[in-house]
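Report on the following structure.
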Amino acid sequence: MAGCCCLSAEEKESQRISAEIERQLRRDKKDARRELKLLLLGTGESGKSTFIKQMRIIHGSGYSDEDRKGFTKLVYQNIFTAMQAMIRAMDTLKIQYVCEQNKENAQLIREVEVDKVSTLSRDQVEAIKQLWQDPGIQECYDRRREYQLSDSAKYYLTDIDRIAMPAFVPTQQDVLRVRVPTTGIIEYPFDLENIIFRMVDVGGQRSERRKWIHCFESVTSIIFLVALSEYDQVLAECDNENRMEESKALFKTIITYPWFLNSSVILFLNKKDLLEEKIMYSHLISYFPEYTGPKQDVKAARDFILKLYQDQNPDKEKVIYSHFTCATDTENIRFVFAAVKDTILQLNLREFNLV
(Lines of atoms letter the chains of each structure in order from A and count residues from 1; the text may use other names and numbers.)
(Lines give C-alpha, C1' and ligand atoms only; values in the text may rest on other atoms or scores of the structure.)
Protein backbone atom coordinates (compact mmCIF):
# COMPACT_ATOMS: atom_id res chain seq x y z
CA MET A 1 0.00 0.00 0.00
CA ALA A 2 2.88 2.28 0.89
CA GLY A 3 4.25 1.74 -2.58
CA CYS A 4 1.19 3.44 -4.08
CA CYS A 5 2.12 6.75 -2.47
CA CYS A 6 5.37 6.76 -4.40
CA LEU A 7 3.74 6.38 -7.84
CA SER A 8 4.51 9.14 -10.28
CA ALA A 9 1.66 11.06 -11.91
CA GLU A 10 2.40 9.19 -15.14
CA GLU A 11 2.14 5.78 -13.42
CA LYS A 12 -1.10 6.79 -11.68
CA GLU A 13 -2.55 7.86 -15.03
CA SER A 14 -1.43 4.55 -16.55
CA GLN A 15 -3.16 2.63 -13.73
CA ARG A 16 -6.33 4.71 -14.16
CA ILE A 17 -6.38 3.97 -17.90
CA SER A 18 -5.82 0.24 -17.26
CA ALA A 19 -8.70 0.17 -14.77
CA GLU A 20 -10.95 2.02 -17.24
CA ILE A 21 -10.04 -0.45 -20.01
CA GLU A 22 -10.88 -3.36 -17.67
CA ARG A 23 -14.25 -1.79 -16.85
CA GLN A 24 -14.97 -1.19 -20.55
CA LEU A 25 -14.05 -4.79 -21.40
CA ARG A 26 -16.46 -6.03 -18.72
CA ARG A 27 -19.19 -3.74 -20.12
CA ASP A 28 -18.47 -4.93 -23.69
CA LYS A 29 -18.69 -8.54 -22.57
CA LYS A 30 -22.03 -7.86 -20.89
CA ASP A 31 -23.30 -5.98 -23.97
CA ALA A 32 -22.16 -8.79 -26.29
CA ARG A 33 -24.19 -11.22 -24.18
CA ARG A 34 -27.24 -9.08 -24.88
CA GLU A 35 -26.84 -9.39 -28.63
CA LEU A 36 -28.12 -12.39 -30.56
CA LYS A 37 -26.64 -13.17 -33.95
CA LEU A 38 -29.06 -14.90 -36.31
CA LEU A 39 -27.56 -16.23 -39.52
CA LEU A 40 -30.00 -16.47 -42.41
CA LEU A 41 -28.99 -19.26 -44.78
CA GLY A 42 -30.47 -21.11 -47.74
CA THR A 43 -30.00 -21.46 -51.48
CA GLY A 44 -30.73 -18.59 -53.90
CA GLU A 45 -34.35 -17.38 -54.06
CA SER A 46 -35.46 -19.21 -50.91
CA GLY A 47 -36.82 -15.95 -49.43
CA LYS A 48 -34.02 -14.70 -47.15
CA SER A 49 -34.06 -11.07 -48.35
CA THR A 50 -37.88 -10.97 -48.17
CA PHE A 51 -37.66 -12.17 -44.56
CA ILE A 52 -35.22 -9.35 -43.73
CA LYS A 53 -37.66 -6.85 -45.30
CA GLN A 54 -40.41 -8.25 -43.07
CA MET A 55 -38.23 -7.72 -39.98
CA ARG A 56 -37.85 -4.08 -41.02
CA ILE A 57 -41.66 -3.79 -41.40
CA ILE A 58 -42.54 -5.66 -38.17
CA HIS A 59 -39.71 -4.65 -35.82
CA GLY A 60 -38.07 -1.67 -37.50
CA SER A 61 -39.04 1.62 -39.12
CA GLY A 62 -40.79 0.00 -42.09
CA TYR A 63 -40.79 1.64 -45.53
CA SER A 64 -41.76 5.32 -45.84
CA ASP A 65 -43.24 6.75 -49.07
CA GLU A 66 -39.75 7.94 -49.96
CA ASP A 67 -38.25 4.48 -49.29
CA ARG A 68 -40.92 2.82 -51.44
CA LYS A 69 -40.38 5.30 -54.29
CA GLY A 70 -36.79 4.07 -54.34
CA PHE A 71 -38.05 0.63 -55.45
CA THR A 72 -39.97 1.93 -58.52
CA LYS A 73 -37.14 1.31 -60.98
CA LEU A 74 -36.58 -2.20 -59.58
CA VAL A 75 -40.27 -3.08 -60.02
CA TYR A 76 -40.08 -2.00 -63.69
CA GLN A 77 -36.85 -3.98 -64.16
CA ASN A 78 -38.42 -7.09 -62.58
CA ILE A 79 -41.28 -6.86 -65.11
CA PHE A 80 -38.92 -6.67 -68.10
CA THR A 81 -36.72 -9.46 -66.71
CA ALA A 82 -39.77 -11.72 -66.35
CA MET A 83 -41.19 -10.96 -69.80
CA GLN A 84 -37.80 -11.38 -71.49
CA ALA A 85 -37.35 -14.76 -69.75
CA MET A 86 -40.71 -15.92 -71.12
CA ILE A 87 -39.95 -14.59 -74.63
CA ARG A 88 -36.66 -16.56 -74.67
CA ALA A 89 -38.47 -19.64 -73.33
CA MET A 90 -41.08 -19.37 -76.13
CA ASP A 91 -38.22 -20.05 -78.59
CA THR A 92 -36.57 -22.77 -76.48
CA LEU A 93 -39.85 -24.60 -75.81
CA LYS A 94 -41.01 -24.02 -79.42
CA ILE A 95 -44.33 -22.45 -78.39
CA GLN A 96 -46.12 -20.28 -80.97
CA TYR A 97 -47.73 -16.90 -80.29
CA VAL A 98 -51.47 -17.11 -80.96
CA CYS A 99 -51.67 -13.41 -81.88
CA GLU A 100 -49.34 -12.60 -84.83
CA GLN A 101 -48.83 -9.02 -83.53
CA ASN A 102 -47.06 -10.45 -80.48
CA LYS A 103 -44.01 -11.41 -82.56
CA GLU A 104 -43.39 -7.67 -83.00
CA ASN A 105 -44.25 -6.97 -79.36
CA ALA A 106 -41.77 -9.66 -78.30
CA GLN A 107 -39.04 -8.05 -80.42
CA LEU A 108 -39.73 -4.64 -78.84
CA ILE A 109 -39.40 -6.07 -75.30
CA ARG A 110 -36.42 -8.26 -76.21
CA GLU A 111 -34.41 -5.17 -77.22
CA VAL A 112 -34.82 -3.44 -73.84
CA GLU A 113 -31.62 -3.19 -71.75
CA VAL A 114 -33.08 -4.12 -68.38
CA ASP A 115 -30.41 -2.59 -66.14
CA LYS A 116 -30.95 0.81 -67.83
CA VAL A 117 -34.75 0.81 -67.34
CA SER A 118 -36.07 3.63 -65.14
CA THR A 119 -39.48 4.31 -66.75
CA LEU A 120 -42.24 2.47 -68.61
CA SER A 121 -43.28 3.89 -72.00
CA ARG A 122 -46.86 3.55 -73.27
CA ASP A 123 -45.67 1.33 -76.18
CA GLN A 124 -43.83 -0.98 -73.78
CA VAL A 125 -46.84 -1.26 -71.46
CA GLU A 126 -49.17 -2.12 -74.37
CA ALA A 127 -46.69 -4.70 -75.68
CA ILE A 128 -46.33 -6.31 -72.23
CA LYS A 129 -50.13 -6.42 -71.73
CA GLN A 130 -50.76 -8.01 -75.14
CA LEU A 131 -47.97 -10.55 -74.63
CA TRP A 132 -49.23 -11.51 -71.15
CA GLN A 133 -52.73 -12.10 -72.56
CA ASP A 134 -51.45 -14.33 -75.38
CA PRO A 135 -52.41 -18.01 -74.81
CA GLY A 136 -48.90 -18.96 -76.03
CA ILE A 137 -47.26 -16.91 -73.27
CA GLN A 138 -49.73 -18.36 -70.75
CA GLU A 139 -48.72 -21.89 -71.81
CA CYS A 140 -45.09 -20.81 -71.47
CA TYR A 141 -45.82 -19.45 -67.98
CA ASP A 142 -47.45 -22.77 -67.00
CA ARG A 143 -44.20 -24.52 -68.02
CA ARG A 144 -41.99 -22.16 -65.96
CA ARG A 145 -40.30 -25.03 -64.09
CA GLU A 146 -38.45 -25.71 -67.38
CA TYR A 147 -36.60 -22.37 -67.26
CA GLN A 148 -35.76 -19.63 -64.74
CA LEU A 149 -38.63 -17.26 -63.90
CA SER A 150 -39.08 -15.13 -60.79
CA ASP A 151 -41.92 -16.07 -58.42
CA SER A 152 -43.18 -12.48 -58.61
CA ALA A 153 -43.72 -12.49 -62.41
CA LYS A 154 -47.48 -13.17 -62.29
CA TYR A 155 -48.00 -10.74 -59.38
CA TYR A 156 -46.51 -7.80 -61.32
CA LEU A 157 -47.81 -8.70 -64.80
CA THR A 158 -51.44 -9.04 -63.69
CA ASP A 159 -51.13 -5.61 -62.03
CA ILE A 160 -49.43 -3.85 -64.95
CA ASP A 161 -52.18 -1.17 -65.27
CA ARG A 162 -51.64 0.02 -61.68
CA ILE A 163 -47.84 -0.12 -62.02
CA ALA A 164 -47.95 1.82 -65.31
CA MET A 165 -49.83 4.77 -63.74
CA PRO A 166 -47.78 8.03 -63.90
CA ALA A 167 -48.05 8.57 -60.12
CA PHE A 168 -47.12 4.96 -59.27
CA VAL A 169 -45.45 4.47 -55.88
CA PRO A 170 -44.71 0.83 -54.96
CA THR A 171 -46.85 -0.57 -52.14
CA GLN A 172 -45.38 -2.51 -49.23
CA GLN A 173 -46.34 -5.75 -51.03
CA ASP A 174 -44.60 -4.55 -54.23
CA VAL A 175 -41.44 -3.95 -52.17
CA LEU A 176 -41.64 -7.41 -50.60
CA ARG A 177 -41.97 -9.01 -54.05
CA VAL A 178 -39.01 -7.22 -55.68
CA ARG A 179 -36.28 -9.67 -56.59
CA VAL A 180 -32.67 -8.48 -56.38
CA PRO A 181 -30.05 -11.23 -55.94
CA THR A 182 -28.11 -10.67 -52.70
CA THR A 183 -24.40 -10.20 -53.31
CA GLY A 184 -22.22 -9.83 -50.27
CA ILE A 185 -23.46 -9.78 -46.71
CA ILE A 186 -26.36 -7.70 -45.38
CA GLU A 187 -26.79 -7.14 -41.63
CA TYR A 188 -30.02 -5.91 -40.09
CA PRO A 189 -30.00 -5.24 -36.33
CA PHE A 190 -33.22 -4.60 -34.41
CA ASP A 191 -34.02 -4.24 -30.73
CA LEU A 192 -36.52 -6.53 -29.00
CA GLU A 193 -37.09 -6.46 -25.25
CA ASN A 194 -33.68 -4.80 -24.68
CA ILE A 195 -31.89 -7.49 -26.64
CA ILE A 196 -30.38 -6.76 -30.04
CA PHE A 197 -31.22 -9.31 -32.70
CA ARG A 198 -28.55 -9.01 -35.40
CA MET A 199 -29.83 -10.75 -38.51
CA VAL A 200 -27.24 -11.55 -41.17
CA ASP A 201 -28.34 -12.34 -44.74
CA VAL A 202 -25.75 -13.84 -47.08
CA GLY A 203 -26.07 -14.52 -50.80
CA GLY A 204 -27.55 -17.92 -51.59
CA GLN A 205 -26.08 -18.46 -55.06
CA ARG A 206 -23.08 -20.79 -55.18
CA SER A 207 -20.68 -17.96 -56.06
CA GLU A 208 -21.67 -16.11 -52.87
CA ARG A 209 -21.25 -18.97 -50.41
CA ARG A 210 -17.47 -18.67 -50.03
CA LYS A 211 -18.11 -15.34 -48.24
CA TRP A 212 -20.09 -17.01 -45.47
CA ILE A 213 -17.03 -18.09 -43.50
CA HIS A 214 -16.66 -14.58 -42.01
CA CYS A 215 -20.14 -14.81 -40.47
CA PHE A 216 -19.57 -18.00 -38.52
CA GLU A 217 -18.29 -16.55 -35.26
CA SER A 218 -20.61 -16.54 -32.24
CA VAL A 219 -23.82 -17.40 -34.10
CA THR A 220 -26.73 -17.86 -31.68
CA SER A 221 -29.12 -19.40 -34.19
CA ILE A 222 -29.24 -20.43 -37.80
CA ILE A 223 -32.45 -19.76 -39.69
CA PHE A 224 -32.33 -21.94 -42.80
CA LEU A 225 -34.88 -21.18 -45.51
CA VAL A 226 -36.22 -23.78 -47.93
CA ALA A 227 -38.47 -22.92 -50.89
CA LEU A 228 -41.15 -25.64 -50.71
CA SER A 229 -42.18 -24.89 -54.30
CA GLU A 230 -38.76 -25.77 -55.75
CA TYR A 231 -39.20 -29.54 -55.66
CA ASP A 232 -39.66 -29.60 -59.45
CA GLN A 233 -37.18 -26.83 -60.42
CA VAL A 234 -33.54 -26.81 -61.51
CA LEU A 235 -30.74 -24.50 -60.38
CA ALA A 236 -30.06 -21.18 -62.11
CA GLU A 237 -26.34 -22.08 -62.09
CA CYS A 238 -26.72 -25.66 -63.34
CA ASP A 239 -29.76 -26.73 -65.34
CA ASN A 240 -29.64 -30.45 -64.57
CA GLU A 241 -29.57 -30.22 -60.78
CA ASN A 242 -32.77 -30.21 -58.75
CA ARG A 243 -33.04 -27.12 -56.54
CA MET A 244 -34.40 -28.99 -53.54
CA GLU A 245 -31.61 -31.60 -53.71
CA GLU A 246 -29.08 -28.75 -53.68
CA SER A 247 -30.84 -27.08 -50.75
CA LYS A 248 -30.98 -30.36 -48.82
CA ALA A 249 -27.25 -30.99 -49.36
CA LEU A 250 -26.44 -27.45 -48.21
CA PHE A 251 -28.59 -27.90 -45.09
CA LYS A 252 -26.68 -31.08 -44.19
CA THR A 253 -23.34 -29.29 -44.66
CA ILE A 254 -24.44 -26.37 -42.49
CA ILE A 255 -25.82 -28.36 -39.55
CA THR A 256 -22.70 -30.55 -39.38
CA TYR A 257 -20.24 -27.62 -39.37
CA PRO A 258 -18.22 -27.62 -36.12
CA TRP A 259 -18.82 -23.83 -35.80
CA PHE A 260 -22.52 -24.43 -35.29
CA LEU A 261 -22.44 -27.18 -32.67
CA ASN A 262 -23.86 -24.80 -30.06
CA SER A 263 -26.17 -22.85 -32.39
CA SER A 264 -29.87 -23.63 -32.47
CA VAL A 265 -31.26 -24.51 -35.91
CA ILE A 266 -34.59 -23.13 -37.12
CA LEU A 267 -35.98 -24.38 -40.42
CA PHE A 268 -38.34 -22.14 -42.39
CA LEU A 269 -40.19 -24.16 -45.02
CA ASN A 270 -41.09 -21.14 -47.10
CA LYS A 271 -43.36 -20.39 -50.09
CA LYS A 272 -46.13 -22.60 -48.72
CA ASP A 273 -48.60 -20.59 -50.84
CA LEU A 274 -46.77 -21.53 -54.05
CA LEU A 275 -46.61 -25.19 -53.01
CA GLU A 276 -50.40 -25.19 -52.55
CA GLU A 277 -50.84 -24.00 -56.16
CA LYS A 278 -48.18 -26.16 -57.74
CA ILE A 279 -48.97 -29.49 -56.05
CA MET A 280 -52.30 -29.56 -57.92
CA TYR A 281 -50.61 -30.08 -61.30
CA SER A 282 -46.94 -30.99 -60.65
CA HIS A 283 -46.67 -34.28 -58.79
CA LEU A 284 -44.03 -34.72 -56.09
CA ILE A 285 -43.46 -38.39 -56.98
CA SER A 286 -42.17 -37.35 -60.44
CA TYR A 287 -39.15 -35.72 -58.76
CA PHE A 288 -38.90 -37.65 -55.49
CA PRO A 289 -39.83 -41.28 -56.26
CA GLU A 290 -39.59 -42.16 -52.55
CA TYR A 291 -42.74 -40.09 -51.91
CA THR A 292 -45.60 -42.50 -51.15
CA GLY A 293 -48.36 -40.04 -50.23
CA PRO A 294 -51.40 -39.15 -52.33
CA LYS A 295 -51.22 -36.72 -55.27
CA GLN A 296 -52.49 -33.15 -54.83
CA ASP A 297 -52.29 -33.42 -51.03
CA VAL A 298 -50.67 -30.27 -49.64
CA LYS A 299 -50.26 -31.55 -46.06
CA ALA A 300 -48.72 -34.86 -47.18
CA ALA A 301 -46.31 -32.96 -49.47
CA ARG A 302 -45.31 -30.51 -46.70
CA ASP A 303 -44.74 -33.32 -44.19
CA PHE A 304 -42.67 -35.30 -46.71
CA ILE A 305 -40.42 -32.31 -47.49
CA LEU A 306 -39.99 -31.52 -43.77
CA LYS A 307 -38.88 -35.12 -43.15
CA LEU A 308 -36.39 -34.89 -46.05
CA TYR A 309 -34.62 -32.11 -44.14
CA GLN A 310 -34.99 -33.64 -40.68
CA ASP A 311 -33.32 -36.79 -42.03
CA GLN A 312 -30.18 -34.75 -42.85
CA ASN A 313 -29.56 -34.24 -39.13
CA PRO A 314 -27.04 -36.85 -37.89
CA ASP A 315 -27.33 -35.72 -34.25
CA LYS A 316 -30.69 -36.99 -33.04
CA GLU A 317 -30.18 -35.14 -29.73
CA LYS A 318 -30.18 -31.81 -31.57
CA VAL A 319 -33.69 -30.41 -32.03
CA ILE A 320 -34.51 -28.74 -35.34
CA TYR A 321 -37.32 -26.22 -34.87
CA SER A 322 -39.48 -25.97 -38.00
CA HIS A 323 -42.12 -23.55 -39.28
CA PHE A 324 -44.10 -23.40 -42.53
CA THR A 325 -43.98 -19.84 -43.84
CA CYS A 326 -45.00 -17.43 -46.57
CA ALA A 327 -42.35 -14.69 -46.52
CA THR A 328 -44.52 -12.22 -48.47
CA ASP A 329 -47.33 -12.48 -45.85
CA THR A 330 -46.53 -9.99 -43.08
CA GLU A 331 -49.03 -11.43 -40.57
CA ASN A 332 -47.72 -14.97 -41.08
CA ILE A 333 -44.12 -13.82 -40.49
CA ARG A 334 -45.16 -11.71 -37.47
CA PHE A 335 -46.74 -14.80 -35.88
CA VAL A 336 -43.89 -17.17 -36.78
CA PHE A 337 -41.12 -14.82 -35.65
CA ALA A 338 -42.83 -14.25 -32.29
CA ALA A 339 -42.55 -18.03 -31.74
CA VAL A 340 -38.95 -18.06 -33.00
CA LYS A 341 -37.99 -15.18 -30.69
CA ASP A 342 -39.46 -17.03 -27.68
CA THR A 343 -37.58 -20.21 -28.65
CA ILE A 344 -34.27 -18.37 -29.00
CA LEU A 345 -34.69 -16.50 -25.71
CA GLN A 346 -35.67 -19.71 -23.87
CA LEU A 347 -32.53 -21.40 -25.19
CA ASN A 348 -30.38 -18.46 -24.08
CA LEU A 349 -31.95 -17.66 -20.68
CA ARG A 350 -28.79 -18.14 -18.65
CA GLU A 351 -26.61 -16.34 -21.18
CA PHE A 352 -28.85 -13.28 -20.94
CA ASN A 353 -29.33 -13.37 -17.16
CA LEU A 354 -33.06 -13.77 -17.68
CA VAL A 355 -33.40 -16.38 -14.94
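Including glycine, each Cβ sits where the backbone N, Cα and C put it.
Range with Swiss-Prot annotation region 'G1 motif', chosen from 37-50, 135-148, 233-246, 303-316, is 37-50. Of the candidate ranges 165-173, 174-182, 210-218, 345-353, Swiss-Prot annotates residues 174-182 with the feature region 'G2 motif'. Of the candidate ranges 154-161, 186-193, 266-273, Swiss-Prot annotates residues 266-273 with the feature region 'G4 motif'.
Stretch with the most C-beta contacts under 8 angstroms to the region 'G5 motif' (325-330), considering only 37-50, 174-182, 266-273: 266-273. Counting same-chain residues at least six beyond the ends of the region 'G2 motif' (174-182), those with a Cβ under 8 angstroms from any Cβ of the stretch are 44-45, 48-50, 53-54, 63, 67-68, 71, 74-75, 78, 81, 150-152, 155-156, 163, 201-205, 208, 327-328, 330. Non-local neighbours of the region 'G1 motif' (37-50) in the same chain are 150-151, 176-177, 179-182, 186, 197-205, 212, 215-216, 218-227, 230, 235-236, 243, 246-247, 250, 254, 263, 268, 270-271, 325, 327-328, 344; each lies 6+ residues outside the stretch with a CB under 8 Å from one of its CB atoms. The two recorded residues N270 (GTP binding site) and S49 (Mg(2+) binding site) have their Cα atoms spaced 12 Å from each other.
Mean pLDDT of the predicted structure over the region 'G4 motif' (266-273): 97.
L176 (GTP binding site) has a Cβ environment of 24 other Cβ atoms inside 10 Å.
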